[in-house]
C-alpha cells in the first residue's frame, strides 16, 4: 500500500460515446481537456445498461443503477429485475404487503389507490408492475380500485403518454372494478427538490379531485399537446364520472400502493400523504385518518409504511473498504446527484463511513436546466479545488450532473454548453490531481448527452445504451476491454493499493 495515495473517481453523468454526430452533444462539444486525456492516457469503454448492471437485457441504465454498481464493485440486481422475477414466479401475487393493504380496504369498505409512473422506462417504475397490481386487486376481489397515473416523457419519449394510457385502458377492461382517477405529469407528482408548490397540485388532484377536469384522459392529454405541453409537464387532470363528479378522492380508511420502485422521486408525495406534512404546502388541510400505505421498495427508513420489496444492501462497497483500511474519502456533487455519490454509492446506506466527508453544492433553482446549462459545476469545482489546496483525501468521488440533467431537455445547444462547462471544470481538477501525484479515473454512469435528438430532429430526452468512457491518468498502465461499471471500484482500489474483498466480484480494469 502506498504511504498516502490519492485517487479520484470522476463521474460525468450521462456522458457516453456514440459515433454518429447528429444530435450528439458529446461529439459536437469542444472538449479539449477530455480529448487530451483520452489521447495521452490508457482508455477503455464499459457497458452501463442491461444485464451488465443487473437490469433486463436492452434496458437503459440510469444514475441510481450506475452508482450502485460502481460503488458495489459488482453487478447489483436492480429492483426492476427483482420485481419482474417475482411476477414471473408468482411471488408478487402473494406479497404480504399488498395483501395487508387489501385486507385494510375490505375491513373499512374503502378504496384502493394505485400510484405510479405510467411507462416502461424502467428507471422509476414499469407499467407491467402497475398491471400486475391490478391483477392482484382482481384476484383478491377489491371492489373499488383507482389508478393515479403519473406521465413520464423523460425516461421515454416526450409524447408517449397516449400510448401508455391506451394500454392501461385495455388492461382495466380485464379488471371491472378499476378506474383511472387522475393523470399528472411527473414534474408535479415526482418532484425531488422540495418544490412543494408542484407537489401540492398533484396532492390536491389525488386527494380532493381538483384539477383540469375531463371525462377522457387521452383526449385531455392530446389537448395539452395542442398547447405545446408534453407528458412530463402536464398539469393534473381529474377524470369525471358520467354525472360530472370526480371518480375518486383519497379518503379516511383508504389504502395506497405506490408502484414506483425508485425512492428519490416518490419520497415527497409519500411523505405528505403518510405524515400529513401540510406545513410544506401553501395551504393547510384536514388530516387523513387511518390511511394504509404500501411502497414498492423502501423509500425512507423513517416512513411507517408497508414495504413490498425490502432493501437488499450490498456489503463491502468501495466506501466501506476504504474506511476499513484507514483512508479518508470525500464525496462531492450538486443537489441533483448528491444522493448518487453518497447513498447509492454506499449501497443504499445514508450514514457516512469513518473518514468520509461530504460536500453538497446546491443546484440552481430554475424550472429546467437547459435555462442554466452550467448548473453548479463551477461551484462544485471551486469547492473541490479548495480541498485539494489544503488537505486532499485519499479518495475523491465526484459527479458532474450537467450532461445528464441538461440532456434530459432534449435540446442540443444547451447540452453542448453543459458538456463544454464540464470539460472546463474537468481540466482544472484533473491537472491539479496529477500535479499532486494522484491519479484520476474519468468515467460515466450511463448515456444521455450523446443523443438528445432523434433522426427526425425531435427531442430525445431518455438515456441511451451506448458505452461509457474510462480514462485512467497513468501512462504506465494499460486497461482491459469489455468491462462493466462494477469493475470501476476494483480499479480504484488497486490504484489505492488496497486488496479487493471477496464480496466485490468485479475485476480491476488494469492489466
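Cβ coordinates are placed from backbone N, Cα and C, and glycine is handled just like the others.
For the substrate site, TrEMBL lists 154, 155, 186, 192, 262, 263, 264, 265, 337; matching the candidates 108, 113, 124, 304 against that entry yields 124. According to TrEMBL, the residue from 63, 507, 508 that belongs to the Mn(2+) 2 site alongside 13, 445, 446 is 63. The recorded positions shown are 13, 37, 63, 155, 446; of these, the one with its CA atom nearest the CA of residue 404 (Mn(2+) 1 binding site) is 13. Cβ environment of residue 192 (substrate binding site): 264, 265, 267, 268 lie under 8 Å away, each six or more residues apart in the same chain. Comparing Cβ neighbour counts within 10 Å across the binding-site residues 13, 155, 404, 445, the minimum falls on 155. Near residue 37 (phosphotyrosine), with the C-alpha within 10 Å of its C-alpha, lie none of the binding-site residues 13, 124, 155, 408, 446, 463.
A simple way to gauge crowding: the CB of residue 446 (Mn(2+) 2 binding site) has 28 other CB atoms within 10 angstroms, across all the protein chains here. Cα distances from residue 408 (Mn(2+) 1 binding site) to the binding-site residues 63, 155, 263 are smallest for 155. By the criterion of other Cβ atoms within 10 Å of the residue's own Cβ, the least surrounded of the binding-site residues 265, 463 is 265. Residue 446 (Mn(2+) 2 binding site) and residue 155 (substrate binding site) are 13 Å apart (CA-CA, integer value).
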